[in-house]
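A.B. asks: Quick one: this structure, given as structure tokens, is what I'll be asking you about.
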Amino acid sequence: MKDSCGPLKALAVASVVNGVGDVVLCLFFNYGIAGAAWATMASQIVAGFMMIESLKDKGYIGYAIAVPSANELLQIFKLAAPVFMMMMSKVALYSLLIYFATSMGTQTVVAHQVLIQIYSMFIVGGEPLSQTAQSFMPELIYGAKRSLSKVSDVITYAAIFIIIVYNSYTNFTYVVVMCHCDDFPHARMLLKSLVIIGATCGLILGVAGTIVPWLSPKVFSPDPHAIKKMHTVLLPHFIALSVTACTHSLEGTLLAGRDLRFISVSMTTIFTLGGLLLLLFSNLGFGLPGCWWTLALFQWSRFTIALLRLISPNGILYSEDMTRYELGKASTA
């Protein structure tokens, strides 16, 4: 729907509710972690109702409840199952990293926990690129304004604003508000812009996320042994973090083009190979560096495979036969 303001307002209000709730319930009423949980729940409820109201403003019946038909459930399954496999592959690899790091001793766990928290905080910087691709790509690929071959088109961005909103889940959420002019850029040029922005943001996030534990490690842990272990994996930490934003833009384009089977199969394959590589590194005694080099290879494999798919002659941005990506028409309430 290309509505950036609705989610932004909901997120801003939810963040305020969460922050105020944490202060009131934890400091004044001494509810502790239970108060933080109640504040988080209240903020999510408020955000949910605001999103529903935003849908109502666009003509949708936000509070309507309907039982989906068997055909609609099938369409939902075709969309959700590949995305579920993609998300679970990433979560499973992160869980394996924690599992192997936990078996290496207390100081290794401390070092890994510090770096993985920093990594998780900065990795969300690429999410706006994925959301932008999923919002603007579909009509360029499938709609009446589809344009895949006119390379002389000029991208007409009026502005791209990145608004940083603090989220109470101990990370940052970046919301991209894209103001566009009369004509939409065609799919290839839009992807090119997203990749360029992703590469720039990735380098910035990678440098920032690496400098913090490098120059100020005692902020996280005073243990010199844990600090030493952190410093041994800063290079793969930077390599993994710097490519993530570009990967988000590529995978967002694949999702927008409904190339779901490929992205689910490729992610599960990369996860399987990454798990085997992690097991091999662990058996060879590589320790924590083995875990982080596995993560770096995992992220660069995602980027490489998604890029090769998109620039392939049979990819969604070059093939004129789009019927193989169509899931059929689903009715809407």
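We number each residue from 1, going along the chain as drawn.
Each Cβ is built from the backbone N, Cα and C atoms, and glycine gets one as well.
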A.B. asks: Looking at 12-31, 72-91, which stretch does TrEMBL describe as transmembrane segment?
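C.D. replies: That would be 12-31, per the transmembrane segment entry in TrEMBL.
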A.B. asks: Pick from 37-61, 262-286: which stretch is listed in TrEMBL under transmembrane segment?
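C.D. replies: That would be 262-286, the stretch labelled transmembrane segment in TrEMBL.
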A.B. asks: As a test: from 232-250, 262-286, 292-312, pick the stretch that has the greatest number of Cβ pairs under 8 Å with the transmembrane segment (189-212).
C.D. replies: 232-250
